[in-house]
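Have a look at the structure below, then the notes.
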Amino acid sequence: MKIGVLALQGAVIEHIKSLQQAGADEVVTVKRKEDLQGLDGLVLPGGESTTIGKLMNQYDLMNPIREMAQAGTPMFGTCAGLILLAGRIHGQDWVHLGIMDILVDRNSFGRQRESFETDLKVKGIEGEPYRAVFIRAPHIMEVGDQVEVLSTYQDRIVAARQGHLLGASFHPELTDDVRLHQYFLDMVRETR
Ligand SMILES: NC(=O)CC[C@H](N)C(=O)O
């Protein structure tokens, strides 16, 4: 099982470590479209979605990644990565990959709450609540019929899945809890 982490900007190393800890056989960084060869899954990390989007265009990665997603390769977007996946962005008339049937709002937890941690219940994650780190996080305002809501915080959707696409508002790579990465690796196994 070979997993790529988009490595243009943002929390890349942390995702690599979490994926390794969660049991991925091979984890590689993706900077050029050649790096997408042979991947069984792709993680889109947090950072700044506009910056990552610009770099994706510059390095000609937007279409190849979109095509991979359309062909069924599992993808996991966290925070800015979730914004990259989204089909619609509130107040913005352009999208990045635009492959997940969700409407997201950026920086949606207000100034005083720009960064915070909380315990969440996440569907599909057994046991203890999941400690979630939010950093200027987006939330999901609307989901399409094919999208399953996995977690909410204060009535806002903060994690969701649409078949082979997984998205979270928070940063699962910033804690030692790798259950969400394991969940993603299970999704990858299901599609192989
Ligand atoms: N931690 C993050 O990934 C923040 C996301 C960032 N606020 C954006 O809109 O892209």
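Backbone N, Cα and C define each Cβ position, glycine as well.
Sequence annotations record features per position, and here TrEMBL assigns L-glutamine binding site to G47, E48, S49, R106, I135, R136. Annotation comment: TrEMBL describes C79 as active site, nucleophile. Annotated active site, charge relay system per TrEMBL: H171, E173, in sequence order.
When every Cα pair among G47, E48, S49, R106, I135, R136 is compared, the largest distance found for this L-glutamine site is 13 Å. In this structure, the recorded positions C79, I135 were compared by how many other Cβ atoms lie within 10 Å of their Cβ, and the smallest count belongs to I135. The recorded positions in question are R106, R136, H171, and the one with the fewest Cβ neighbours inside 10 Å is R136.
Here G47 (L-glutamine binding site) comes close to L8, Q9, G10, A11, C79, A80: these same-chain residues lie at least six apart in sequence, with C-beta atoms under 8 angstroms from its C-beta. Cα of I135 (L-glutamine binding site) to Cα of H171 (active site, charge relay system): a distance of 8 Å. Surrounding the centroid of the Cβ atoms of G47, E48, S49, R106, I135, R136, where the record places L-glutamine, the chain contributes additional residues within 8 Å, namely G10, G46, C79, A80, I83, N107, A137, P138. Checking the recorded positions E48, S49, C79, R106, E173 for a CB within less than 6 Å of any atom of ligand 1 leaves E48, S49, C79, R106, listed in sequence order. Of all the Cβ atoms in the protein chains shown, 26 others lie within 10 Å of the Cβ of S49 (L-glutamine binding site).
For the recorded positions shown (E48, E173), fewest C-beta neighbours within 10 angstroms: E48.
E173 (active site, charge relay system) falls within a helical segment according to DSSP. When the Cα atoms are compared, S49 (L-glutamine binding site) and H171 (active site, charge relay system) turn out to be 14 Å apart. Here the Cα atom of E173 (active site, charge relay system) is found 20 Å from that of R106 (L-glutamine binding site). In this structure the alpha carbons, written CA, of H171 (active site, charge relay system) and R106 (L-glutamine binding site) are 15 Å apart.
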